[in-house]
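To start, the structure itself, in structure tokens.
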Amino acid sequence: MASSSGSNHICSRVIDHSHVPEFEVATWIKITLILVYLIIFVVGILGNSVTIRVTQVLQKKGYLQKEVTDHMVSLACSDILVFLIGMPMEFYSIIWNPLTTPSYALSCKLHTFLFETCSYATLLHVLTLSFERYIAICHPFKYKAVSGPRQVKLLIGFVWVTSALVALPLLFAMGIEYPLVNVPTHKGLNCNLSRTRHHDEPGNSNMSICTNLSNRWEVFQSSIFGAFAVYLVVLASVAFMCWNMMKVLMKSKQGTLAGTGPQLQLRKSESEESRTARRQTIIFLRLIVVTLAVCWMPNQIRRIMAAAKPKHDWTRTYFRAYMILLPFSDTFFYLSSVVNPLLYNVSSQQFRKVFWQVLCCRLTLQHANQEKRQRARFISTKDSTSSARSPLIFLASRRSNSSSRRTNKVFLSTFQTEAKPGEAKPQPLSPESPQTGSETKPAGSTTENSLQEQEV
């Protein structure tokens with residue numbers, strides 16, 4: 001008897017047909033979201049489009065490897081698709097006018113599938129880009145094995161194929177349906193709520209929404225929980241890699257002399273510039289993890305709430321918590337696709353400089369070889385002027401210091417093959433990479449040969 005009384009008490013709080021119109025948010029929320037979504041849309045499209053152009057310029061000018069460029073361009077494309085596919089359709093069908101008729105079932109399925117694919121492509125691109133940087137910093141001798149053009153294409157292909165597989169179940173589980181249709185296979189509350197024509201004839205209901213179909217409940221649940229597991233694995237993996245990269249970057253590199261013969265490697269005391277670059281990189285790595293956690297978690301919680309139990313078992317408190325969370329989770333989710341260009345600008349002075357040049361249509365960046373030659377000529381002229389009145393030991397010291405100053409101001413150096421003799425080859429650099437404050441220099445190298453030094 002007590003069990004029956006408790007069940008009746010819970011059933012008195014379960015939503016019914018009178019609550020269905022509340023799936024449409026209040027007008028003031030709609031207007032606020034219009035303004036917020038418009039700002040996010042413009043900033044996101046512009047920022048990611050400029051990012052694509054900047055990475056192409058940096059690669060062409062010799063500052064960025066093609067493999068890193070491919071990763072960043074693919075990530076920016078997935079972010080742009082998230083905005084183009086997700087934001088207009090989601091705002092209209094979920095926020096502005098959620099109640100519709102079943103005639104829009106195909107558009108609901110396609111939108112959900114494509115949006116899920118692009119969303120998880122963005123997530124997995126963060127994973128692969130972090131993995132590429134992790135190998136370069138923590139396991140540099142293994143870097144070439146995973147950084148070739150073929151390996152990068154395989155990684156990018158893996159990202160898009162895996163994202164499509166994660167989203168594929170939603171193509172069958174989603175559709176247009178009256179939200180309170182009973183799920184036949186679900187053993188939930190037996191409340192015997194009053195039925196309406198929308199229950200009996202869901203195919204003719206004008207109060208349907210784009211939601212999970214009642215006869216595909218298990219498919220929907222497995223899809224949402226599986227996607228959540230993928231998110232947790234990616235978050236944990238990126239956090240692990242960023243933590244290990246930060247440990248490597250925080251190690252002291254003072255006073256180490258290694259090597260034999262003509263090749264000597266001198267690890268110098270860090271300059272203020274190197275310390276600043278390292279601090280910015282550590283901040284950048286932390287921001288990657290924070291962005292994945294803060295921007296993605298609210299949306300994942302909302303999805304788990306939708307998959308935890310069918311809507312006909314939702315209490316009024318549960319339903320209102322879901323509707324309050326909806327606009328916040330969507331906003332934070334779209335912000336995750338806006339912050340990537342911002343992180344690049346924070347992490348690299350070179351990227352930030354070219355970003356604003358592209359934005360202002362005033363590109364003045366010189367090729368890396370040309371810039372190094374100009375610096376070499378300036379140093380040669382300066383050294384020849386002062387050599388008559390300076391001991392050779394001080395002259396050699398100044399040349400060593402000038403070589404240190406020629407290090408490009410970017411963060412995680414990308415290892416390249418050494419230039420051939422007599423050929424100046426630039427050191428392409430990743431815009432999210434810190435300099436390590438060490439150099440490899442042949443004994444007795446001339447100023448011209450300094451263009452071929454390999455800076456690690």
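Quick reminder: no glycine exception, Cβ is built from N, Cα and C everywhere.
Here is what Swiss-Prot says about this protein:
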- His17, His19: Zn(2+) binding site (BINDING)
- 430-456: compositional bias 'Polar residues' (COMPBIAS)
- Cys11-Cys191: disulfide bond (DISULFID)
- Cys108-Cys210: disulfide bond (DISULFID)
- Asn192: N-linked glycosylation site (CARBOHYD)
- Asn206: N-linked glycosylation site (CARBOHYD)
- Ser397: phosphoserine (MOD_RES)
- 415-456: region 'Disordered' (REGION)
- 1-34: topological domain 'Extracellular' (TOPO_DOM)
- 56-69: topological domain 'Cytoplasmic' (TOPO_DOM)
- 90-109: topological domain 'Extracellular' (TOPO_DOM)
- 132-151: topological domain 'Cytoplasmic' (TOPO_DOM)
- 173-217: topological domain 'Extracellular' (TOPO_DOM)
- 243-283: topological domain 'Cytoplasmic' (TOPO_DOM)
- 306-323: topological domain 'Extracellular' (TOPO_DOM)
- 345-456: topological domain 'Cytoplasmic' (TOPO_DOM)
- 35-55: transmembrane segment (TRANSMEM)
- 70-89: transmembrane segment (TRANSMEM)
- 110-131: transmembrane segment (TRANSMEM)
- 152-172: transmembrane segment (TRANSMEM)
- 218-242: transmembrane segment (TRANSMEM)
- 284-305: transmembrane segment (TRANSMEM)
- 324-344: transmembrane segment (TRANSMEM)
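Broken down with DSSP, the topological domain 'Cytoplasmic' (132-151) shows 18 helix, 0 strand, 2 coil. Ranked by Cβ pairs under 8 Å to the transmembrane segment (35-55), the stretches 70-89, 152-172, 218-242, 284-305, 324-344 are led by 70-89.
Comparing 110-131, 218-242, 324-344 for CB pairs under 8 angstroms to the transmembrane segment (70-89), the maximum falls on 110-131. Contacts of Cys108 (disulfide bond) defined by a Cβ separation under 8 A and a same-chain sequence distance of 6+ are given as Ser93, Met174, Gly175, Ile176, Cys210, in order along the sequence.
Residue counts of the topological domain 'Extracellular' (306-323) by helix, strand and coil are 14 helix, 1 strand, 3 coil (DSSP-based).
Helix, strand and coil counts from DSSP across the topological domain 'Cytoplasmic' (56-69) read 9 helix, 0 strand, 5 coil.
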